[in-house]
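Reviewing the structure listed below.
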Amino acid sequence: MTGAIDLLLSVRGHQRVPSDTKEFHEATKRDALMRLKKDLDHLLETVEDSRKNGVQREMCGFEALYHRFLQEDGPSVEWDRIEKLPEGAVKDYSTLKLPQEAHIRDMLDKLVVVKLNGGLGTSMGCHGPKSVIPVRNDLTFLDLTVQQIEHLNKKYNANVPLVLMNSFNTDVDTEKVIRKYKGFQVQIYTFNQSCYPRISRDSLLPIAKDFDIENDIEAWYPPGHGDFYQAFQNSGLLRKFIEEGREYCFLSNIDNLGATVDIKILNRLIGDDKQGDKPIEFVMEVTDKTRADVKGGTLINYENKLRLLEIAQVPKEHVDDFKSVKTFKFFNTNNIWARLESIERVLNAKTMNMEIIVNNKTLDNGMRVIQLETAVGAAMKCFDGGIGINVPRSRFLPVKKTSDLLLVMSNLYSLKYGSLVMSPQRMFPTTPLVKLGDNHFSKVKEFLSRFANIPDLIELDHLTVSGDVTFGRGVSLRGTVIIIANHGDRIDIPAGAILENKIVSGNMRILDH
């Protein structure tokens, strides 16, 4: 059976197969779907009554995703049918207007801020939700987010709620943490994204035996941020906010410190700058591509609709075209603005049809599994009147690695009401390119132990550090700096050192005497 399933997974899109092979695949798919339904029924029998309705809804979503995974043949995008972006499809941020001060409160009261908070800090060597990693002045991603929204609410006497989409990995810890914000002028809501069973790559069936998720956590996964729409509706919050008269949600990753509420964009949607009778249903914030962003998703025009194109959807022979900064000038920041009533309409009409990301993983026990996921921006094609807005790079400041952490902790930025503001002393609006060696810098604890304090980066363009390197207090890095300690050697950059356009290699150690 293994070979048959592998064949099924690899031959998608190849139309010219003998009819008997095609029939074999069809039979395999039918068989897989029938057996999946049986397995899901067995799993549902293990759910306690109080949770049954919610779990059943989630499993319906999983079954629909699985069914599409089996049915869809070939690439979701035919390369030759991609068209040039039409005039005006991507608005330039500089053309947006600030609203009149008197209107801002009313506009804010029609907004909901959603942060994607399902990720763990394990890739940076931290336990628990990524959002509770300290990133600046001992403040966490969550602290900074709450400060930003509270500042808006106080300044304009508004009531913008903060909604956190947790996963089963982060919800318990997040609920404990948010208690400390009770005295703040911001209402915080949480809901969980779905919890789906991982599928064996060999049998195409769930590897979970029951719904005791905590005892078999490797058998389950959160299915990507594209699950936001359905999970938001399932939680009851979508309907609640519509009934309150709220019109739009602004959604972003909690680790993107540049994704703050932007009054100009909000004004374009519901304020003085609103144009035409038809409301804009979906906005994707994009920014100019650099060489560091060539793998990021981009906006395309396809079948007369704007849509997100991810590298995973690109045929191998066109990957270099996709990475071209000339052909595809923008990439998706994953800052999304969506109209609440439109989300509800698309969900109720069952036309939310996002491309499936097949994420292959190997578990610690060697088992090969598949996770079926979707991306939140991929829903763009399901809405009417979608636009892109080309925003400044400052609205894309994600912290995925310790190299990003170095930038946001440095004197490149100052902190103002929870927002990071680029220093006016920086001559270029772009951030330096930083590469830190995985062996010595990838975990937050070890990364911090290598700096007596964070160096001055105001005039830095490019930094590469590899090997056993430490930095003394008051170091200044300027231009292009490359520091490479060979295997078995160690380099200690002395306190007060100024490195400008320097390559440091070999073994340099400052010893006490």
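Even glycines carry a Cβ here, placed using N, Cα and C.
In the structure as shown, the Cβ atom of Asp255 (UTP binding site) sits within 10 Å of 22 other Cβ atoms. Marked as UTP binding site by TrEMBL: Lys130, Gln193, Gly224, Asp255, Lys400.
Here TrEMBL flags His225 as substrate binding site. Counted within 10 Å of its Cβ, the other Cβ atoms near His225 (substrate binding site) come to 25, all protein chains included.
The Cβ neighbour count for Lys400 (UTP binding site), using a 10 Å radius over every protein chain in view, is 14.
When the Cα atoms are compared, His225 (substrate binding site) and Asp255 (UTP binding site) turn out to be 14 Å apart.
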